[in-house]
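Let me begin by presenting the structure, written as structure tokens, before commenting on it.
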Amino acid sequence: GTTCYCGKTIGIYWFGKYSCPTNRGYTGSCPYFLGICCYPVD
């Protein structure tokens with residue numbers, strides 16, 4: 001995946017999604033260009 005930032009927190013960018021995949025252990029997210037940024041990086 002592509003990296004992205006929620007403030008200073010690095011995450012993975014999911015294009016076209018508006019919620020994070022539930023099976024990857026993400027603890028947070030923020031809206032990102034045409035999608036969502038989910039962290040922490042797995």
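Note: Cβ is positioned from N, Cα and C throughout, glycine not excepted.
Among Cys30, Cys38, the one Swiss-Prot lists as the disulfide partner of Cys6 is Cys30. Of the listed cysteines Cys37, Cys38, Swiss-Prot assigns the disulfide bond with Cys4 to Cys37.
Between the CA atoms of Cys20 (disulfide bond) and Cys30 (disulfide bond) there is a gap of 10 Å, rounded to the nearest whole number. The Cβ of Cys30 (disulfide bond) lies under 8 Å from the Cβ of Cys6, Gly7, Gly11, Ile36, Cys37, each of which sits 6+ residues away along the same chain.
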